[in-house]
Amino acid sequence: MAIEERDPLTGHKTTGHEWNGIKELNTPVPRAVYFFLIATTLFSLIYWIFMPAVPLGYTYTKGILGYDERDVIRRKLERAALEQAPWRAAIEKQGFDAIEADGDLMQKLREAGRALFGGNCAVCHGIDAGGNAGFPNLAAGVLNWGDSPEAIQETIRVGINSRHPDTRTAQMPAFGKEGMLPRADVKAVITYVRDIGKSGSDHAAMTQPKGLEIFQNNCAACHGDDARGQVDLGAPNLTDASWLYGGDLQTIHDTVWHGRQGRMPSWENRLGPVDIKILATYLHDLRKER
Ligand code: HEC
Ligand code: HEC
């Protein structure tokens with residue numbers, strides 16, 4: 001047993017061990033640490049008794065309060081569904097005109113539509129529905145498949161070039177790659193198409209007579225004699241400033257050379273009919289504001 005010794009500098013006792021002349025102080029654990037140790041142990045014991053705590057294979061100790069987070073969420077969802085039921089029923093029953101004329105209903109619809117759009121559509125079309133290259137702007141400009149709420153609803157339901165049996169089909173042929181037009185003709189027609197977009201069809205027809213002729217013979221069947229597009233074929237209007245892929249010469253060349261078959265998924269199996277109707281009305285409403 002070492003002799004008790006007090007360190008003159010700190011006033012603490014030493015443990016009596018000594019390493020090469022260095023002695024260890026015998027400093028006690030502070031009281032606060034004991035206090036917190038006891039308090040937290042007590043807390044966890046009480047928590048184990050009242051709340052779900054210890055896993056036991058496939059089950060767990062449930063605690064005498066019987067608290068279950070899944071129950072809490074289930075109840076919250078039920079309450080939300082109950083709150084939504086009346087206005088969702090109104091949307092299901094009424095026509096688009098009646099819905100859009102009902103200010104209170106539209107307020108709820110805009111909120112729900114924004115959430116549905118953010119969760120399902122924004123990855124491709126952008127959070128503001130403004131689109132990206134290859135993903136159309138839904139908030140402004142002309143829609144290839146029609147911009148009535150009924151047309152938008154149908155596009156969302158069946159998709160474009162999707163696996164749905166009623167899918168809308170958009171086939172822009174690969175005129176260059178498939179050898180449907182010689183290289184010189186592709187060049188002439190793309191210059192004509194670019195110039196319609198830039199300076200209008202009359203001017204383009206005057207400066208690009210060869211391009212106009214090739215257009216009338218190969219493109220007008222789908223895009224229309226006046227190049228204003230055809231909604232029932234999903235063939236875009238080539239005379240306006242809105243482009244799905246791009247209106248510069250290089251992009252128009254890629255479109256005409258390689259063809260385009262943009263794909264929009266069908267939502268019939270992923271969203272209910274009321275959600276699809278909400279989205280169609282939401283987009284139609286968004287477009288009116290611009
Ligand atoms: C069979 C019908 C059909 C014919 C014929 C056709 N197109 Fe198209 N075109 C389409 C469709 C449908 C789209 C939209 C493709 C998509 O949605 O992915 C399209 C898209 C385009 C685009 C892209 C527009 C944009 O917004 O980016 C250009 C440019 C174009 N066509 C030019 C032409 C030219 C030039 C010709 C003739 C050489 C032609 N098309 C012939 C159906 C056709
Ligand atoms: C995986 C990407 C993707 C997602 C997700 C997506 N879309 Fe699309 N959508 C497209 C593409 C690509 C097109 C253009 C297809 C084509 O080339 O014609 C399109 C076209 C559309 C059109 C037709 C535009 C026109 O010119 O007529 C509407 C309306 C539309 N989408 C709405 C929606 C809504 C609403 C959602 C969410 C429920 C959604 N989309 C989700 C890719 C997507």
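Here the Cβ of each residue, glycine as well, is placed from N, Cα and C on the backbone.
Positions annotated as heme c 1 binding site by TrEMBL: Cys121, Cys124, His125, Met264. Sequence-distant neighbours of Met264 (heme c 1 binding site) (same chain, six or more apart, CB under 8 Å from its CB) are Thr155, Gly159, Ile160, Asn161, Ser162, Arg168, listed in sequence order.
Cys222 (heme c 2 binding site): 16 other CB atoms within 10 A of its CB, across all protein chains. Secondary structure at Cys222 (heme c 2 binding site), taken from DSSP and collapsed to helix, strand or coil, is helix. The heme c 2 binding site annotation in TrEMBL covers Met172, Cys219, Cys222, His223.
DSSP assigns Cys121 (heme c 1 binding site) to coil, not to a helix or a strand. There are 15 other CB atoms within 10 A of the CB of Cys124 (heme c 1 binding site), with all protein chains counted.
Compute the center of the Cβ atoms of Cys121, Cys124, His125, Met264, which mark the site for heme c 1; besides them, the chain residues with Cβ within 8 Å of that center are Ala122, Val123, Phe135, Pro136, Leu138.
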